[in-house]
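All remarks here apply to the structure that follows.
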Amino acid sequence: MSRARCHLRAALFLAAVSSRGATTGVAARRVLSAWPAPQEPGMEYQDAVRTLNTLQTNANYLEQVKRQRGDPQTQLEAMRLYLARSGLQVEDLDQLNIIHITGTKGKGSTCAFTERILRSYGLKTGFFSSPHLVQVRERIRINGQPISPELFTKHFWRLYHRLEETKVDLAVMEVGIGGAYDCTNIVKKPVVCGVSSLGIDHTGLLGDTMEKIAWQKGGIFKSGVPAFTVLQPDGPLAVLRDRAQQISCPLYLCPPLEALEEGGPLLTLGLEGEHQQANAALALQLARCWLQQKGYRDTGELKASRPSLPGQLPLAPVFQPTSHMQHGLRDTEWPGRTQLLRRGPLTWYLDGAHTTSSMQACVRWFRQALQSRERLGGGSEVLVLLFNSTGDRDSAALLKLLQPCQFDYTVFCPNLTEVSSTDNADQQNFTVTLDQVLLRCLAHQQHWSRLHEDQASPEPGGPAPLLLAPRPAHTHSASSLVFSCISHALQWISQGRDPVFQPPSPPRVLFAHPVAGSGAVVLQEAAAIHVLVTGSLHLVGGVLKLLEPSLSQ
């Protein structure tokens, strides 16, 4: 595989979006048009996505690149070259009204809140985010909606052929992590920048401490461009402050959401969970700053300012959110994050938490949602965990955080909707092998079993187990299963009781294991089944593809 082809994924998403109004994420102008996509053989959407997938570095080559990684600064230089070959220059990006957001968790939700607020002002928005849940075109949104398959196909092939005609051999880039050396950081003149909550993630690329990660994330700061951050731990916050000072970037600390609500109406958020309040507070500051710099007057009345402590970051303004801002927060939708689907006796709780801090937030949300649910008059309630974790993440640490929920059954499966993904290009991943993902699922199961073996000596001061009554009688440590794909896992969990997810009769192998057989009876007879799907956004996306077929249309 040519190394140059590995760059096309990044260039595609940098060069395939256009907007005349407010823009969140990374976008480029003068690319979209109203002309229909060319109708040529091999130009269908799935063909385009399959070709895009061939640009994914295969697993063996990826390991080689990680061992031989050179100067990360070359990634930005390579991105400039690829942007030029696509017909654009960095100066073209500088003409856009970009809001650049980074962080470890919550940056997608923050973007969703910000974008919806700006749309409530009547602005046209473009929104780039990664990864996608169901279809790759979700990564590029115009006015909140993924671009059409036809539009994606049209611009994919045009850009693909242009880069193929001028291909050269360059070093490989990593894409989508965010920070100093990410390909999106070629944007030099954003209107405003934001930093969501930081945590330990992508340590192989960003560093193994919060301070190192903060240094990387602070790399998006630009001289003279205002930036805002949510409250961070002292060490990372100090790094962000020093980074901003070195770059001459005015950095402000967001006040909590309750400070904006004080003396005004309570703000209703379209996304559930206490952790979304910090994302909403950051989004309000970003949207207000953008609006003010573009000459808008209706940006919220200032309240009494709160003085900053010596040596601390200056506090961002405390203001009364406008009606447009309130409506934007309320109407925000961001699938796969603290999302509930109620289907007959089944309730699916979907959250793509994949770091320790985001998993803690996920567990709080799940427990609160269970405690506030409608109580049943009789019959048993069953709790099921569907889990997977990928990359260099510490799955044992994530599973330990989930243990107090006292799941009756725990199911592990790879992020594959079906055993064979050849008919589903949007879910293909060539960076890992099938053997690797199945072995990782078995490792998850072993971690889970060891956690239950240690449960006899619980740590003092830990969270109390979540009690539901009545519960089926069985041993938790023996009640875990590994399935080869998401479809088989959902078939076993739902037992045909989900009115939307009605696949053909499951293969007999699904019930061959003793736990699968006895558990099937429990699930069939339960009055209510609560299923938490977490650990990976790709897992959540695969589940949504099967539970919500309309997302694939």
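Glycine is no exception: its Cβ is also placed from the backbone N, Cα and C atoms.
Annotation comment: TrEMBL describes 1-28 as signal peptide.
Residues annotated as domain 'Mur ligase central' in TrEMBL: 101-246. For the domain 'Mur ligase central' (101-246), the model gives a mean pLDDT of 87.
For SER130 (Mg(2+) binding site), the number of other Cβ atoms no farther than 10 Å from its own Cβ, over all displayed protein chains, is 19. Summarising the annotation, TrEMBL assigns Mg(2+) binding site to SER130, GLU174, HIS202.
As annotated by TrEMBL, ATP binding site applies to ARG337, ASP351. Its Cβ placed at the centre, ASP351 (ATP binding site) has 25 other Cβ atoms within 10 Å.
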DSSP helix, strand and coil counts for the domain 'Mur ligase central' (101-246)? 67 helix, 19 strand, 60 coil
If you skip the near sequence neighbours and keep only those at least six away, which residues in the chain come within under 8 angstroms of ARG337 (ATP binding site), Cβ to Cβ? GLY108, SER109, LEU271, GLY273, GLN276, LEU350, ASP351, GLY352
